[in-house]
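Taken verbatim from TrEMBL:
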type	residues	note
DOMAIN	13-186	domain 'Hydroxymethylglutaryl-coenzyme A synthase N-terminal'
ACT_SITE	95	active site, proton donor/acceptor
ACT_SITE	129	active site, acyl-thioester intermediate
DOMAIN	188-469	domain 'Hydroxymethylglutaryl-coenzyme A synthase C-terminal'
BINDING	221, 269, 273	CoA binding site
ACT_SITE	264	active site, proton donor/acceptor
REGION	486-519	region 'Disordered'
């Protein structure tokens, strides 16, 4: 049973620590990228073909980072029948900062008040798009440490990605991911297999605390991303070779050993180029690549290239994108559903890609696969690591449950409301003019939000924020999986032997209100 501790209670290393449950939230409205091309007066295909984006989700002034995280946490808890006293660690990864001192995690703790559980470790983690991964690593490390008390860890990654008018604006998006972490997980971490690279660069940063908009050096950002990918993959490959050698396995690691490979996705076309980049790395590291047949066919002219000199080499890029086409279709394309339809969510981006893979495959197809994940955050920090999918795909298994909880993902994306580019631009202007304004009452229409969504009701003169939750209305067609999922009423037991009580139903009227507190 996912999350169950060993029956003998011995102080042994928990087995198969990883992701037990996963929930995703994105805004109820989007702008069409083809229509945005016309509105912005750019050439047709600039956003849709050049960037690989179809739709971009965005928030009105009714939503902020606190409301996104409140929403996704409560949905995960409700859909999996969890009690808040089953959680011993809660950590948030975000770069959407609305307070320089108070963490998003402390706001989310209001959901725990009814349970009486205040013994919850963890806090916010920030470094551009990498914060969610750092939070996830902290959660896994906690479960595998002497600090673990037998309860779950809960990881939240959320952001609102917005840009000033210009070429970067279509690479925005918004959303949040919540992940339940514990032992005996259907998505278990490969222990000891992480390749990390961290370095200083001003490729993307947010020095203006009065603005939501970042400062971006686009070309440098791509170079940092690709160089970090090269180095992380090299470190990962060396570590798995060493592990295999200790186990007596005599083989070379390559991309073929990943069932799926997912990436942090600023935009979809960069992900396709990134997979090609890893094929280049496999090619250059292979002592005797076959250039007559197979994936490296016809690539002998690139045998002596230096990776650090090829970030913007169009010949190399074109050749290896062609060479990796079949592999992209098999291992990565499915991961881009949320990225293509909702845009860049920053910290949740790579986990939206993971959710996309799970949503589009059966448990039987996923069972036993190794999934590679590359997480990147500007500034810059990056890690490439892997998850092993459980072999147990039987009905009722942990893998079956996590697949069932995400099987409606495409329907949820399709249920959103399309907004004109002009209205999108008006929303961006409103956010720009009212960012950090106090006192302030948001203007966005509450009735256009998904049911069950937390939203901002007011900001008082002391910048204290108050929130309410839209009612859970079973008659609404949007996100039917919230009430119809096979896992919605099935309880996941606590890892500890004593079973905490289940919370009372939270499906109440709209007038449920919480605030930032009075301190």
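In case you wondered, yes, glycine gets a Cβ from its N, Cα and C as well.
Across the recorded positions listed here (264, 269, 273), the residue whose Cβ sits among the most other Cβ atoms within 10 Å is 264. Cα-Cα distance from residue 273 (CoA binding site) to residue 95 (active site, proton donor/acceptor): 25 Å (rounded to the nearest whole number). In the structure shown, across all protein chains, 129 is the one of the recorded positions 95, 129, 221 with the greatest number of other Cβ atoms within 10 Å.
Taking the C-alpha positions, the distance from residue 264 (active site, proton donor/acceptor) to the residue listed as 'active site, acyl-thioester intermediate' comes to 8 Å.
If you check the recorded positions 129, 221, 269 against residue 95 (active site, proton donor/acceptor), the ones with a Cα inside 10 Å of its Cα are 129. Geometry remark: residue 269 (CoA binding site) versus residue 129 (active site, acyl-thioester intermediate), CA distance 18 Å. The record gives 221, 269, 273 for CoA. Within 8 Å of the mean position of their Cβ atoms, the other Cβ atoms in that chain belong to 222, 225, 226, 266, 267, 270, 271, 274. Site extent for CoA: among the recorded binding residues 221, 269, 273, the largest C-alpha separation is 14 Å. If you measure from the Cα atom of residue 129 (active site, acyl-thioester intermediate) to that of residue 221 (CoA binding site), you get 12 Å. Across the domain 'Hydroxymethylglutaryl-coenzyme A synthase N-terminal' (13-186), mean pLDDT in this model comes to 97.
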